[in-house]
Amino acid sequence: MRKKITIPEILLMKQEGRKVTVLTAYDYPTARLVDAGGVDAILVGDSAGVVFSGHENTLPVTMDEMLYHVKAVVRARPKALVVADMPFMACQSGEIEALKNCGRMLQEGGAEAVKIEGGSNMAPIIRAVTEMDIPVMGHVGLTPQSVHRMGGYKVQGRKDQAERILEDAHAVQEAGAFAVVLEGIPAKLAARITEMLEIPTIGIGAGPACDGQVLVIHDILGLCEKYSPKFVKRYADLAPLITEAARQYVSEVKDGTFPTEEHSFS
């Protein structure tokens, strides 16, 4: 039986050159399954707003919705570290509101860390939260909560943007984050940041040099057919299997071949 993954263990993994593996989960059964697969951390992402609730982006996701998902994941008692995404505007309104909301994720939700999007602009908030012993994972580069400012989900850090993202990553580390997600940036830039920082970098669309990788579970299982980013590798194709199972069920109920005596009580 593997041991519980903690934040010191995540930090040690970078020091020892061991890759950190992260997948998202939003419910109890999925959390159990990905944990059994051996992931080091489960991110309860605000991506739930898109892949679970059907929104166009993550902006509509609320604190109450995130707490619902976090509680469901925590009930699986995973060995993986549980990190809760802070939804849009949960931390942007100031330190007091950020502390209250991040505290709820740990106290009510049972998460072991939170993830806050933003770089230098959010460093004071990250510092205030970490000083209250709430562990923070940062997130720089392509930050989905900034989708309108970026004009869509576009690669960040090309040309003159590179130095800004380097500064953002450094600011997040200096503010006390234990790790930082690098999303949607050139692989060479991610490699520079990874070499520069003492904390682990977790890449998503940021190349192979990062200290770890994170992907959305629905993407690797082929459950989001309408949108598949370049950086996603599909490890299973469950969508047609689910559709076919539903089709067989409908057919058997309609023609009377289900349920049979085997599925009935005497």
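Note that Cβ sites are derived from N, Cα and C of the backbone, with glycine treated the same way.
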Can you match one of E9, E117, E131, E163 to the Mg(2+) site that Swiss-Prot gives for D46, D85?
E117
Cβ neighbours of E117 (Mg(2+) binding site) where a neighbour is any other Cβ within 10 Å:
25
Give me the sequence-ordered set of same-chain residues, not including D46, D85, E117, with a C-beta within 8 angstroms of the centroid of the Mg(2+) site's C-beta atoms.
G45, S47, T58, V61, M86, P87, F88, K115, I116, H139, P144, Q145
Proximal residue to S47 (3-methyl-2-oxobutanoate binding site) among recorded positions D85, E117, E183 (C-alpha distance):
D85
Using a 10 angstroms cut-off on Cβ to Cβ distances, just flag whichever of D85, E183 is the loneliest among these recorded positions.
E183
